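Per TrEMBL, the features are as follows:
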DOMAIN    20-214  domain 'MHYT'
TRANSMEM  23-45  transmembrane segment
TRANSMEM  57-81  transmembrane segment
TRANSMEM  93-113  transmembrane segment
TRANSMEM  122-143  transmembrane segment
TRANSMEM  155-176  transmembrane segment
TRANSMEM  188-210  transmembrane segment
TRANSMEM  230-253  transmembrane segment
DOMAIN    265-335  domain 'PAS'
DOMAIN    342-392  domain 'PAC'
DOMAIN    646-765  domain 'Response regulatory'
Amino acid sequence: MEGFFLDSSVDALQQVAGTHNSWLVALSILVAIFSASMALQTTHIARASDLPLHRQIAIGTGSFALGGGIWTMHFIGMLSFELCTTVQYDPGLTLLSILPGWAASWVALQILARPRVSTPHLILGGVLVGAGIGTMHYSGMAAMQMAPQLRYDPLMFALSLAVAVGLAILSLWIRFRLLRTRLTQTQRLVVAGTVMGLAISGMHYTGMAAARVIGMSETPQIALVFNSTFVSVMLSTFTITLTVFVTAANGLLRYRQLYRKMEDSESRMRAVVETAVDGILTIDGRGIIQAFNPSAERLFGWQAREVIGRNIKMLMPEPDQSRHDSYLSNYLRSGEAKIIGSGREVTGLRKDGSLIPMRLAVGQVDLPGEALFVGFVSDITQRKELESSLRVTAARAEQAATAKSTFLATMSHEIRTPMNAIIGFTELLLKSEMNALQRSHLNTVRQSARSLLALLNDILDTTKLERGTFQLESLDFSLKAVAEQVIASLRLSAQARDLTLTLDYPADMSPFYKGDPLRLQQVLTNLLGNALKFTEQGQVTLRFATLDGMVHIQVSDTGIGMTPEQADKIFEPFVQADASISRRFGGTGLGTTIVRQLVELMGGSIRVESEIGLGSTFHVLLPLRLGHAPEPARADSDSMPLPPLSILAADDVPQNLELLTLILRDGGHRITIARDGNEVLARFGEQRYDVVLMDVHMPGTDGLDATRHIRQREQAQGLAPTPIIALTASVMDSDRRAARQAGMDGFAVKPLDAPRLIAEIARVLAGDRLPAQGARNPSARAQAARQAIDWPAGIALWGSAPRLARAIEGFLAQQPERHPLPKDTEISPDGAAALESLHGLRGAAGNLGMTVVADIAAQLELRIRGGQREDLGLHIEALRQALADADAALHASPALAEARQHPPSPCVPRAEVRARVDELLDCVDRGELNDAALEAVCEHLRASGEPALCHTLRDALDSFEFDDARKMLRTLQDRLDRDDKDSP
């Protein structure tokens, strides 16, 4: 190293001073900048190259030019350094010094040709490039041959290397940083080339500043034929020429590559245009056709040579043919586009004169000095034919739906008309005296008729929901009251199956909402009815809550459950879990379908969670708005008995008139009958009536026309309107609207339900036609007593009011001994005795229609089981009062007096009961029915205080559920055997 670095002992006077020729220095810098700029241009070509070979050729030639430029800059810089001594250069070492420059250039261009580079790669590349330029510089300096010695200042030497690496990193970084600016390609090239050229020159002249020439000055001898300026200019010219040649060669290579890409693109475009299914046409600003692809030839029937050069309007029918040129000129003048940039359906004109429907889309292409328009045309003949077919199909479907609705309305009328007589006369017969077997047969007839009516209503509801003709009301109502009403109506059914039916309505939840209470009641009844049907043991729970501003209803059971596949299909029409479910539990599968449709009609949603063997939970979310307490309803027909009225009844079916007469005459009303609309008008002209019951569908003049004539006559004579109630077997909303538009005041659906008919008459009558308010409203205690016993539900179980009254009387007499009411201070910690008494009291009261007693007993039972001992005394006192109210209701009922006048027939002997049970079991095993044996068994069960079991057994046999009936009969058989063993 002593022969390379300057010795500190060398005196400054021993160093030979040198100067630089400023013109040659400037020339060297310009050569470096030019070479760097051209090299960067080759990197741009390399980045754009698709082929790896072309990319490497561009980088290699660019490295050759840049390396030559670096060497030329260095050599011109050396020539610009003037010393007072003779300087010669070693040719071999001078030529070899170009190799590090080429290597540094190759590394730099490899990095610059990348689309992006990481920081570590940038630093590594800068180090390599700086080291290469430094090596080239100091190897070139080593080629100098002169009498003085060449040494280097260590500090400046290190600084020159640091400058070389730092400026190299900077020159590489600046190129990638410029890509983020908005400069043009040329501006980025000039800036990056200048920075790189200055970086190359900066390293050279920093290295020259580190050089020290030690020796004695002497007169330089001419060692070259040409002076340094001439040599520098020649080297610069050669290098620039070489660089331009390299750049031009790469440009030519890039041009050839672009030309091939253009040819490939044109070939692809031509293939797309010529093979496109759609027709493609190109026209100029005057509407002259410039291009016409093969699909357009097939579409229009013209050859391309026949239409190119002609106006596009030849392909248009009138009036578009005459207007097209004005459309085009208006667009070119104003820029207002009617179809350009969008698409529309148009009609094209074929060569043979036929018209073809098309879809046309037009785009604009702006070329220098010319505007072209490209049209894309597709044949939509098949689509038009399909649309026409769909319209015909839709019309036929609408006709089919209308025919279906008409058919259902007609069938509803035709089915309900005989059912009106069946149910009505059955109800009348059940009020008369008959033996037990006759009553059993009539109960079967009534139950079957009502089941058929419920099925018919489900089918009609589903049809109306599917057609979207179902209308919902929006009324203020008590959601809690609706839930309690549904629970009360199904409690007897739950108790008959020994199931617990509970209601969970939070105290902090508003009871009043706005919606359709009738349809919500239908939803709850269907869900709870299904839950009870498919639950053999355990409980069914109805819960209410609020969730995200919506009412959340849950119906949970501990029934048979469903698999995920069955749960997915449960809301489809006529679908149950599987075929065995229908055989085992009955039903059509329409209940959950109607529930889903009603819930969705209300704007809500429904889903089910279920696990086979563990039960199911139905979740209903309804967007019900908060409402207010509803107006107190008018009293029903029980609390508002009608005074004797003069009634005109019109129906074309004699049985319906007979039934109406029998029902209304029992109330003391005077009945006048009419068999068609003309007879109605004749009777109405003879006298005035308090109310008219008008069948809607009658031969000749129907009920609607008759009502219109009556209203016209009343208006002409200045008479007050007579209340008219429509009687119809149709349940379609259109019939209700027609009845209202005709002037009718009420609506009664067949089969007629006597209490509802009386209530409808009371509703439409004016207030002064009814007795005074005081005569209508009994005392509060009498009202409470009447509500203490659900007579209709109890009679449905016991068969008749006298039999029910007799059972209630016996129960109330034995209650203090068999089911004593506990005292809150005497209830044991586990409450076993109290629970046993309350459980028996709840079951017996439910079987007897004493719903208030059953509800309070159930609440007490739940509180004691849950350890809630507070306020037990109040609940026990309420239960005692409910029993007292039931006793008052019993003694206020005429059924008790009738029961005492007709004592019950002697009980069936136990041996005969056992024989009847065995006989009935044999019939069930053979799949047969035995009404006599069934009636004897039911008589025994009613006498034993188990009418619910009788009711359940009869339902099972009526529904042909022989497995369930067999289980109940064998349980009864075992109990009779135990009783025989226990008896003395």
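Using N, Cα and C of the backbone, Cβ positions are placed for all residues, glycine too.
Across the domain 'PAS' (265-335), DSSP classifies residues as 41 helix, 11 strand, 19 coil. Contact check: the transmembrane segment (122-143) against the transmembrane segment (23-45) gives fewer than three Cβ pairs closer than 8 Å, residues 6 or more apart, which falls short of the contact criterion. Per-residue pLDDT, averaged along the domain 'PAS' (265-335), amounts to 82 for this model. Beyond the transmembrane segment (188-210), the same-chain residues lying 6 or more positions past its ends with a Cβ under 8 Å from any Cβ of the stretch are 20, 25, 28-30, 32-41, 44, 70, 73-74, 77, 81, 108, 130, 133-134, 137-138, 141, 152-153, 156-157, 159-160, 163-164, 167-168, 170-171, 174-175, 178-179, 181. Helix first, then strand, then coil: DSSP counts for the domain 'Response regulatory' (646-765) stand at 58 helix, 24 strand, 38 coil. Broken down with DSSP, the domain 'PAC' (342-392) shows 12 helix, 30 strand, 9 coil.
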